[in-house]
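The block underneath contains the structure these notes are about, expressed in structure tokens.
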């Protein structure tokens, strides 16, 4: 593309202050998020629930939810400052060129001659970078799991399980990162200035591959999936899937309870072979028809084409990222400003480019959250049209109480951070008319003591 090539030449300016610009972006994002966090904290100091929840949530549950929200907000504020100081230290002390030089020397000393090229060097560099980041984030992760979540009754992880999970994650990283990085770098090296077309196809193929191996290899490493036992719930879910022509392959219960007291349900898989996963305590704490209502919402995402649309958007996002990266991959002034005067490693260029892209990515994140919240309302309406209005509303309220989720939010904070509408908005959209209190403080206490379900990531969730 001539436009991209002209843009690349225009941006490659000697002595351009790339480092100061990236630091400015980083500090600006931190200040924005700190400002939004301050606005949200004002809502977390309220003493009364939103009007639509007054008859649904007891004062004790609301107070506990607010306390949990404030504790998370304080932790997030500290963690954000800690992360910002790390970023500034990395830039100030030229960690990237020093780590690149150190890993290069390591390869020269210990690796065979055939493994000292840029690809091998980049793999070792990234693995070392991940280890450093993991070590720096370990105190925060330990505090979040064993202090904050423990205080509010959500943590079910033992130190042994925490360490085991970390070891398994590192094993997956060591196994998967090298071939992915090698493919990424080889494509750029061998396909010239039009590499972004091939990189985009590589990314799409990689997504399909990961979706395929996830239920077979990755998920069983961390959780036990059991086939949902025969009974009314299984029959009702299978009937719903048949009614909607959903390609259900397997219906699982996951033992998320061994890690956390949060609960949910989700589905994943290839277009012709889907798996539904229900958390064990969602089943324990809900009536059958409420669980089916949750799944009606989930299958609404599929039936309305939300998953396909989001996959298409993600592909467009990848293409735009790789296209813009072609503008910076050979930018001499960018490399030089970060201490890479004689070498221009592709992986370093990509890391720096990711920092430059930060402000634009925040705009995209905002737009994606707006779209995601719209999809959530549509999926709720889909379940409502199937006749699950009351059951879905009651299930949403129970999940809110069991998870001590935020019950009210500042509109700016929610727009920036939330991919789902808050409960009060969803109940209003469902025209929910309460007839009795769904749960009281004792129910929430029981949920904290016995609701053991991990929060799902990377799948379609409620």
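Note that Cβ sites are derived from N, Cα and C of the backbone, with glycine treated the same way.
Bear in mind that TrEMBL entries carry predicted annotations, made automatically and left uncurated.
Feature annotations, reproduced from TrEMBL:
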{"type": "ACT_SITE", "residues": "298", "note": "active site"}
{"type": "ACT_SITE", "residues": "380", "note": "active site, proton donor"}
{"type": "BINDING", "residues": "297, 301, 376", "note": "Zn(2+) binding site"}
{"type": "DOMAIN", "residues": "40-224", "note": "domain 'CAAX prenyl protease 1 N-terminal'"}
{"type": "DOMAIN", "residues": "229-431", "note": "domain 'Peptidase M48'"}
{"type": "REGION", "residues": "438-462", "note": "region 'Disordered'"}
{"type": "TRANSMEM", "residues": "21-41", "note": "transmembrane segment"}
{"type": "TRANSMEM", "residues": "106-132", "note": "transmembrane segment"}
{"type": "TRANSMEM", "residues": "170-189", "note": "transmembrane segment"}
{"type": "TRANSMEM", "residues": "195-222", "note": "transmembrane segment"}
Closest to residue 380 (active site, proton donor): which of the recorded positions 297, 298, 301, going by Cα position? 297
Find, for the listed binding-site residues 297, 301, the residue with the lowest Cβ contact count at a 10 Å cut-off, counting only other Cβ atoms. 301
For the transmembrane segment (21-41), give me same-chain residues lying six or more residues beyond its boundaries with a C-beta closer than 8 angstroms to one of its C-beta atoms, as numbers and ranges. 70, 73, 76-77, 80-81, 84, 87-88, 91, 352, 355-356, 358-359, 362, 409-410, 412-413, 416-417
Which whole-number value in Å describes the distance between the Cα atoms of the residue listed as 'active site' and residue 376 (Zn(2+) binding site)? 9
Which chain-mates of residue 376 (Zn(2+) binding site) that are at least 6 residues away have a CB under 8 A from its CB, listed by sequence? 419, 420, 421, 426
If you average pLDDT over the domain 'Peptidase M48' (229-431), what do you get? 91
